[in-house]
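Peer 1: Reproduced below are the annotations present in Swiss-Prot:
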REPEAT    50-84  repeat 'PPR 1'
REPEAT    85-119  repeat 'PPR 2'
REPEAT    120-150  repeat 'PPR 3'
REPEAT    151-181  repeat 'PPR 4'
REPEAT    182-216  repeat 'PPR 5'
REPEAT    220-256  repeat 'PPR 6'
REPEAT    257-287  repeat 'PPR 7'
REPEAT    288-322  repeat 'PPR 8'
REPEAT    323-358  repeat 'PPR 9'
REPEAT    359-389  repeat 'PPR 10'
REGION    394-467  region 'Type E motif'
Amino acid sequence: MRCTSFSSFSLSLEDALHLLQRFLYSSNQIKQIHTVLLTSNALVASRWKTKCVYNTLIRSYLTTGEYKTSLALFTHMLASHVQPNNLTFPSLIKAACSSFSVSYGVALHGQALKRGFLWDPFVQTSFVRFYGEVGDLESSRKMFDDILNPCVVACNSLLDACGRNGEMDYAFEYFQRMPVTDVVSWTTVINGFSKKGLHAKALMVFGEMIQNERAVITPNEATFVSVLSSCANFDQGGIRLGKQIHGYVMSKEIILTTTLGTALLDMYGKAGDLEMALTIFDQIRDKKVCAWNAIISALASNGRPKQALEMFEMMKSSYVHPNGITLLAILTACARSKLVDLGIQLFSSICSEYKIIPTSEHYGCVVDLIGRAGLLVDAANFIQSLPFEPDASVLGALLGACKIHENTELGNTVGKQLIGLQPQHCGQYVALSTFNALDSNWSEAEKMRKAMIEAGIRKIPAYSVLT
């Protein structure tokens, strides 16, 4: 007999614990159990048992994504004079982090210190991760330093904190000194390098991982996703490695989840292999918005903008809601097809219907849409109508359009604005020099190159560490 409603029952604490564990991932059932516990006064029966129920309720709401309810339960727990234990705090810390409630996380730190749980390794490790995720690397490292004999989980939390905050030199140095590593350790370092754009290093670490002599480390899905991201954004050697990973996934009959499938799709899309990208897309069983975004972007960026727009219509027919990344892909597709009116119409309707707040990157895409069609004056007027000062992404789009249509006068004006915003960006100086050369203004072209040298800027040559 399947139980679907508990509203007509009273529950003992033992029954409540059993049912909460049984329905851990069912939000409606958890709420019903919680309601019965409140209305039957069961939560005042036994302090020890009540503590277990509170902990389980907090963890249950956390599991179903109701972070604020988890945090509110802690307040109710204290008001009911039920003392938390070391198992209470890790779930609460995760809830504070997931709900971006930095102030609540700091308050939990104070509560843990006050109640003597700050020396529990499980609690300490949770705070290492919390401070790392909210951008306070100093507090994260201080908390880690207080852990006596940190286990591999604590070490991985420190690696993650460093990676999230761009401190990959320290992370890699510490990683190399770790006495014990696991797949999470290796994946965290690979992901950290990949997120920072250090793709050569990410691929190097992956190579060391699969050839590791200290222990056999088998890559997992998260490892492949991180490595594939670097493969997609590196050179042809990276693409070859990505194809080898794809072959490994197929040979091991690994299920193509949305995350793994999207990573493969994105790699093939950036490599220009649209047929394989479409094949991967068809193989993904549960097509979430990220998969749709990847295939639309791949088509839009590789000469099939109309097919990208058709894919967008299929996405809506599948009841998948577009997001900000979808909008960028759609605007790119319209720009490549020079469908200015359709692009502006979709920009307005998507933002309105799906409550998407456009960023400067979106506005930059609109400028690119208008400018690519040769409507440079309209693009400049659009920029002037924006409710904020245009940044480099917006002005850069107009500069790109000026290059396409060789409008040296407007290009020079926009280029000088960009140098004011990004005085250390070599591309702006090179662009201005090129515009002046096109206009046969050789003295100005030379002046721009000298200005770049005087600013201590040089073009970075491309390189590859893969053969």
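Glycine is no exception: its Cβ is also placed from the backbone N, Cα and C atoms.
Walk me through where these features lie, including what they touch and how far apart they are.
Peer 2: Sequence-distant neighbours of the repeat 'PPR 2' (85-119) (same chain, 6+ residues past either end, Cβ-Cβ under 8 Å): 51, 54-55, 58-59, 61-62, 65, 67-68, 70-71, 74, 77, 125-127, 129-131, 133-134, 146.
Within its own chain, the repeat 'PPR 3' (120-150) has Cβ neighbours under 8 Å at 86-87, 89-90, 93-94, 96-97, 100, 102, 105, 109, 112, 157-158, 160-162, 164-165, 167, counting only residues six or more beyond its boundaries.
With DSSP states grouped into helix (H, G, I), strand (E, B) and coil, the repeat 'PPR 4' (151-181) comes out at 23 helix, 0 strand, 8 coil.
Break the repeat 'PPR 5' (182-216) down by DSSP state and the numbers are 25 helix, 0 strand, 10 coil.
Remote same-chain residues near the repeat 'PPR 6' (220-256) are listed as 183, 186-187, 190-191, 193-194, 197, 199-200, 202-203, 206, 209, 263-264, 266-267, 269-271, 280, 283-285, 462, 464-467 (criterion: CB distance under 8 Å, separation of at least six residues from the stretch ends).
Only residues 6 or more beyond the boundaries of the repeat 'PPR 7' (257-287), in the same chain, are considered here, and those with a CB under 8 A from a CB of the stretch are 221, 224-225, 228-229, 231-233, 239, 242, 246, 249, 294-295, 297-299, 301-302, 304, 318, 320.
Assigned with DSSP, the residues of the repeat 'PPR 8' (288-322) fall into helix, strand and coil as follows: 26 helix, 0 strand, 9 coil.
Counted with DSSP, the repeat 'PPR 9' (323-358) comes out as 28 helix, 0 strand, 8 coil.
Model confidence over the repeat 'PPR 10' (359-389) stands at 95, taken as the mean pLDDT rounded to a whole number.
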Peer 1: Using DSSP, how many residues in the repeat 'PPR 1' (50-84) fall into helix, strand and coil?
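Peer 2: Secondary-structure composition of the repeat 'PPR 1' (50-84): 27 helix, 0 strand, 8 coil.
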Peer 1: With a Cβ cut-off under 8 Å, give me the same-chain residues at least six positions beyond the ends of the repeat 'PPR 4' (151-181) that come close to it.
Peer 2: 121, 124-125, 128-129, 131-133, 135, 137, 140-141, 144, 188-189, 191-193, 195-196, 198, 201, 205, 214-215, 217
Peer 1: Would you list the DSSP helix, strand and coil counts for the residues of the repeat 'PPR 7' (257-287)?
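Peer 2: Helix (H, G, I), strand (E, B), coil: 23 helix, 0 strand, 8 coil.
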